[in-house]
Structures are given as structure tokens and as C-alpha cells.
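Asks: Per Swiss-Prot, the feature ATP binding site maps to G236, T237, T238, G239, S240, G241, K242, S243.
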Amino acid sequence: MSIDIKYLSRIDIDREEFFFKDSRLMCKKFDEEREVLTLLEFDTKFRVNLLKKDKVYKYFLVSDANHKLLIANLVTEQQAKDLSFIEKDIMKIASSATAYGASDIHFIREDRICKIKFRVNGTMIDYREILSSEADALMFVLYNVMATTKETTWNRKLPQDANIILVINEKAYRFRYAHMPLFGEGGKNYHAVVRIIYPSNNFVCTNYQDIGYNEADTDAIARILNTSYGLFIVSGTTGSGKSTSLKKYIELLFFNKYKGKGCFVTVEDPVEYLISGAQQSSIVADNDDKTKNPFADAVRSAMRRDPDVIMIGEIRDKPTVEALSSAVESGHYCLTTIHAGSVVSVLQRLSGLGMKADKIASPGFLAGITSQKLIPELCPSCKVSFVDERYQRAVFSANENGCEACNHSGFKGRLLLLETLVPTVEDLELVASENWVSLYRKYRERRFIKTGKKGLGEGFSIKDKAYYNVLKGKVCHEYFMLHFGQLDHEDENIIYENYLQEV
């Protein structure tokens with residue numbers, strides 16, 4: 001087999017000047033311009049037998065067509081073990097991350113080294129360090145070769161995103177790639193983060209017992225979902241589990257309320273989890289026409305498909321807000337997510353995105369709001385007890401050395417904290433006047449309402465619920481102090497009284 005391959009040694013690659021020409025990545029060597037599409041490494045056997053070169057180098061720059069031809073030939077000869085070393089290294093990192101249960105993989109490329117870190121149970125842990133040139137090769141192949149959807153060719157100097165699907169232990173994992181250039185020598189540094197989206201475990205939430213919340217939170221969610229129409233907003237920071245919660249809520253509606261007979265449509269960017277009973281659409285932006293808003297167009301299309309329930313993956317801009325408002329006002333039940341830190345700040349964000357306060361305050365428009373956060377849960381096998389001197393409470397901290405049960409981290413899994421708001425007429429009056437401070441005070445007054453339900457209900461903040469779980473021995477006291485800070489004595493007493501009533 002004769003294959004014309006343009007090749008360079010690793011030293012040449014490191015010294016090479018790469019540039020863009022007509023949206024193509026090019027390199028220049030000895031005044032000859034070449035298009036660069038794929039960086040691969042092959043062992044000696046295949047360099048001699050397949051590439052037919054008298055003089056061979058460790059790395060090759062090959063055209064896309066030649067890359068496909070090479071891979072096809074290797075696969076047909078069942079020599080998968082001889083595929084790109086770089087691809088193998090990527091798979092090793094991804095496999096290790098999933099084995100740890102990591103939510104994200106961080107590549108922090110500095111002038112000489114690149115630090116690889118995993119986020120496990122909300123905490124960053126060191127994985128390993130590699131040479132910066134090795135990191136560049138990893139990112140180049142990950143983006144250009146392994147990504148399924150992406151923008152042109154990898155360019156460290158521009159913010160870029162991509163979606164990747166990798167099969168690990170016979171299961172398909174989705175990865176969301178994003179990088180941003182960092183300050184450094186020669187403009188070569190960057191921070192790349194790969195979010196891991198784990199394969200569906202086929203769990204379907206068909207009743208409120210499956211939701212996994214305490215009685216107070218379950219009651220609030222049931223009241224929000226049982227309205228005939230309106231907007232249900234799930235908020236939280238990045239990585240707070242909003243998509244997982246949306247899946248549960250939609251399945252609850254489909255099986256519990258509609259008895260499996262409704263038309264549920266989703267508009268997502270991209271689809272993250274398979275939702276039983278829903279017709280899911282993944283929206284792809286048109287890179288050639290930045291003026292188009294595919295999200296808003298997809299929402300309008302969804303309204304014409306005879307839906308009972310519409311789910312919009314995320315509120316991002318004014319056109320999406322307007323399209324979503326039209327869907328709610330036309331009598332549909334709609335669910336969506338937004339980035340916000342509390343239920344009251346969600347309303348402020350909607351106002352900032354162009355949704356008028358009088359529209360939000362219209363009776364029936366807003367079904368409810370949740371704000372959520374995932375925090376690490378203490379390992380029950382090795383947590384350490386002590387007395388909090390300020391309040392004289394028995395609390396726990398993470399064991400610095402951990403144990404085998406928690407991979408010596410001191411934490412095992414994550415705990416969902418949920419803040420809920422089911423709006424009353426008084427709340428809506430304050431929303432209409434955009435009196436956010438009074439709305440917050442009104443919301444906090446609900447802490448004193450006795451519901452008879454286990455757990456902290458409406459009126460309690462995420463911080464309150466984190467401390468409640470400190471008292472229950474589920475959350476590390478030091479973690480709480482670091483991420484939430486001190487509670488005043490009045491708030492602490494209210495939470496402690498609720499804790500005593502439950503135990």
C-alpha cells in the first residue's frame with residue numbers, strides 16, 4: 001500500500017510555527033506550507049510495514065484521508081493495540097477519572113508542565129503532571145480526532161468547546177470539552193476542562209418515593225409539579241446536578257401525573273440524559289450565521305408540536321426568554337434551568353434577561369423555583385467527631401487519611417441541598433414591584449411555619465440546610481465553615497430546634 005505522508009520529528013513539531021489559513025491549521029517547514037489535521041504515533045512495526053519509509057520519526061502529521069485509511073487498515077488487521085499512543089493516553093486519563101467518580105478533568109497548561117486534576121465529590125485532587133508539549137499533543141488529538149462536534153480546528157489562543165463520546169468498559173460516556181487561553185510565555189498556556197457525563201443507569205423516576213428527597217423537599221416539589229401550567233425553574237451553579245433533577249421531575253410528570261399518556265418535548269444543548277417519555281432534541285448552533293438563535297427557534301417549533309410539557313435546557317438570552325414566556329402564556333407547563341445561587345436571585349436574573357416583572361408576577365405564570373447545590377458527604381466509616389466550641393454541638397470532620405471505603409479521601413459521594421419557593425400572592429406582589437429585599441424577608445419568615453414534615457422546608461437557605469446536615473453528621477464542619485461561613489446565633493438556634501424535633 002502506497003501512502004504519501006508528510007512527516008516531522010517531535011523536535012521539529014515543537015519548533016514548528018503553526019498558523020491559520022482560511023480556517024485551516026497550517027504549518028511551515030523549509031518554506032513549504034502543509035495542512036495539519038492529525039497528530040499520530042505508531043510503533044516501529046507499522047512504520048516499517050505500513051508506512052514504507054526508509055527514515056522514520058516518532059510523530060507524524062497526516063491528512064484526514066490518510067488518517068482514516070491508516071486507522072481502517074489497523075482495525076481490519078485487529079491491531080487496536082497499535083493505535084495512537086496519544087489516544088491511548090487520553091483513554092487512560094478518562095478511565096482513571098471515571099473510576100474515581102470524577103465530575104471534571106482539569107488540564108492546567110503552564111510554561112513547562114501541565115497539571116492534570118480531577119474534581120471528585122466537589123473537591124479538586126491532583127492526578128499527575130506531564131510536560132506542556134505532551135499536553136498540547138493530548139488536546140490536539142482529543143479535539144481534532146476524537147471530538148464528535150466542534151468548531152474548526154483546535155486553537156489554544158481562542159476559547160473553544162467540543163463534545164466527545166468515549167467507550168469505557170463497554171459503556172458510552174459523553175465528555176464536554178472547553179478551554180480558555182491563559183497568560184504565559186509566548187501565549188501557549190491554557191486551562192482546559194472536560195466535564196464527564198456518565199451513561200444513564202436506566203433508572204426511571206416514576207413516583208415521589210424514588211426522588212430521594214426528605215419529606216419537606218418532596219412536598220414542595222409535588223406542589224410545584226401538580227399545577228396545571230406555568231414555569232418551573234431549576235437553578236444552581238455549574239455542576240450542581242440541575243440536569244439530573246430535571247430528568248427526575250419530567251419523568252415524575254410523565255408517569256405520575258400524565259400516566260404515560262402525555263406529549264413531552266425537550267430542547268437541549270446538548271442532550272445529556274435520556275428522559276423516559278420525552279421526545280428529546282439536541283440543538284446545534286449555526287457557526288456560519290451567528291445572528292440566528294437556534295434555541296429560541298426550537299422553542300417556537302416545540303410549541304407547534306402539540307406538547308403537554310416543554311423542557312428548555314437553559315435560559316441564556318432575551319430571545320429564549322421571550323420564546324419561553326410565549327410557551328407559558330399559551331397554557332403549557334414548562335421546565336428550564338438557569339445559573340443562580342438562590343431562589344430569589346433567580347427572579348432578579350429573569351428580570352435582568354428582559355422578562356418583565358409584571359409578567360413573572362402574573363397569577364399562574366410561575367409554578368415554582370428551586371435552587372440546588374451538591375456538596376461532599378462525609379465517609380461514615382472514618383469520619384472524626386469533636387465538639388464545636390462556639391455552639392457546643394457534637395459535629396464531625398473528614399479524616400485526613402481517609403480509609404479504603406472512601407479511597408482515602410475522607411468523603412464518599414455527594415449530598416444534594418435544595419432551596420424551594422412555591423410563590424404566594426404576597427410573593428407575586430413583591431415581584432411585581434421588584435422589591436427583592438422584602439421578598440427575601442418574606443421568604444425567610446416561612447422558617448417558622450410548622451409543616452410536620454421531616455427536613456427543612458421553604459424559607460430555609462442552602463446554607464441553613466448545609467448546617468442541618470453538619471448536625472446530622474453528614475457534612476464536614478470544616479467544609480461548612482470554609483464554603484459557607486459562620487451562622488448567627490438566631491439562625492443556628494432555629495436550625496438546631498428543627499434538628500432536635502426530627503431526632
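Placement of Cβ uses the backbone N, Cα and C atoms for every residue, glycine included.
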Asks: Starting from the ATP site formed by G236, T237, T238, G239, S240, G241, K242, S243, give every other residue of that chain whose CB sits within 8 Å of the mean position of their CB atoms, in sequence order.
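Replies: The surrounding set, listed in chain order, is T337, Q372, K373, L374.
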Asks: Given a 10 Å Cβ-Cβ cut-off, pick out the one of the binding-site residues T238, S240 that has the most other Cβ atoms nearby.
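Replies: The most densely surrounded of these binding-site residues is S240.
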Asks: When you tally the Cβ atoms that lie within 10 Å of each candidate's Cβ, which of the binding-site residues (G236, G239, G241) has the highest tally?
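Replies: Answer by Cβ density within 10 Å: G236.
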Asks: In three-state terms from DSSP, label S243 (ATP binding site) for me.
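Replies: In the DSSP reduction, S243 (ATP binding site) maps to helix.
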Asks: Could you say whether, by DSSP, T238 (ATP binding site) belongs to a helix, a strand or a coil region?
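Replies: DSSP call for T238 (ATP binding site): coil, neither helix nor strand.
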Asks: Within 10 Å of the Cβ of S243 (ATP binding site), how many other Cβ atoms can you find? Include all protein chains, please.
Replies: 17
Asks: Measure from the Cβ of T237 (ATP binding site) and count the other Cβ atoms within 10 Å, all protein chains considered.
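Replies: I get 13 for this one.
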